[in-house]
């Protein structure tokens, strides 16, 4: 099985911010094959034999295989899966990407307006939007250049506070886009920030949340990878930091945190999408984020950390590294996860599954949630996989942004109200 990284190597052999031609996915299909006891090994063999990329790899029976099939392999692939059930996620992946990347031109007038959320946007427009949004609420927020990526891009953050003033309350930290291709997380974390700012003193629940917590929103944790998905390869996942093997740049930043770093939930292969890095915490962006989280924790601690991902419609708790270990706060984590999922579903009927990371999605080593809980002693550490469950996957149409934001806000508000109640 190739990683999505290998497609980028066909497009460009680069490890810097050089501009290259985008990889062309025209004619590629994304096909879901549900696995069962009698076919999971065969599906794994097909993926290996045809050297196919996957969005979801079936490690065991009952898991879906979401498979990227190039035009040259369509006939062979369809022959091999004959008799198995399948679902077409993208008939033409190139066309889906083209539709998704029709960015609307940014205007500063979008800052207080929901129109910003009708389209995806370029990295630089996100920076402009965050600065303009903060400029409308100067007494209750600040725009922060939280540090620089490996290629020198700003890692942006919005800091939001209420009646007590900044740095006066326990912190809530939201992370988005640690995996570059998960564009919906950029927009949803910005939707949360926009709502918390614009609805303060208008919505009683939001006002209470902002008054009770110092809120930090990091919409683009991995700016180099994010920019690369917009210029070169839409399906890039990792950062853009060089490795000893120059053909395979990048670390999976969510396998690079220095806690339970080695294990089956990450890879030592630089060409893997889950490459953990050469050393724990050696990712440029991870160093920046650890420093920021430690600084934030030094004020009044961190009440909650949420790392937003896509896709799968899941809301999950520790641990990623172990499928048997549970933190002492497991019951509280599960309770809040259920509250989040129930409130979210009430908005548009979107179902979310909940549970510990390892048991709910797969085993993960060196991830942000386990690190935040065990090393930084964050009280509550959680992660989400946003829309959808695979109908469109990573290439989620722009008309899904606003409903995703609406339901995620509802879940988040309900969960934080429960935290305030104790």
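Placed from the backbone N, Cα and C atoms, the Cβ positions cover glycine too.
Within 10 Å of the C-beta of residue 385 (active site, proton donor/acceptor) there are 22 other C-beta atoms, taking all protein chains into account. The active site, proton donor/acceptor annotation in Swiss-Prot covers 385 and is backed by sequence analysis.
Feature annotation from Swiss-Prot assigns substrate binding site to 179, 180, 181, 182, 237, 254, 255, 310, 311; the stated evidence is similarity to another entry. In this view, residue 311 (substrate binding site) is surrounded by 24 other Cβ atoms within 10 Å of its Cβ, with every protein chain counted.
If you look up Swiss-Prot, you'll see 179, 182, 309 marked as Zn(2+) binding site. Applying an 8 A CB threshold to same-chain residues 6+ apart, the list for residue 179 (substrate binding site) reads 222, 225, 237, 238, 252, 253, 254, 309. DSSP assigns residue 179 (substrate binding site) to coil, not to a helix or a strand.
Under the three-state DSSP scheme, residue 248 (disulfide bond) falls in the coil class. All protein chains included, residue 248 (disulfide bond) registers 21 other Cβ atoms within 10 Å of its own Cβ. Marked as disulfide bond by Swiss-Prot on the basis of similarity to another entry: 248-271.
Regional average pLDDT for the domain 'Peptidase M14' (119-419) in the model is 98. Look at Swiss-Prot and you will find 119-419 tagged as domain 'Peptidase M14', backed by sequence analysis.
Here Swiss-Prot flags 1-17 as signal peptide.
Residue 271 (disulfide bond) sits 14 Å from residue 255 (substrate binding site), taking the Cα positions as reference. Rounded to a whole value, the Cα-Cα separation of residue 385 (active site, proton donor/acceptor) and residue 182 (Zn(2+) binding site) is 10 Å.
In three-state terms derived from DSSP, residue 385 (active site, proton donor/acceptor) belongs to an extended strand segment.
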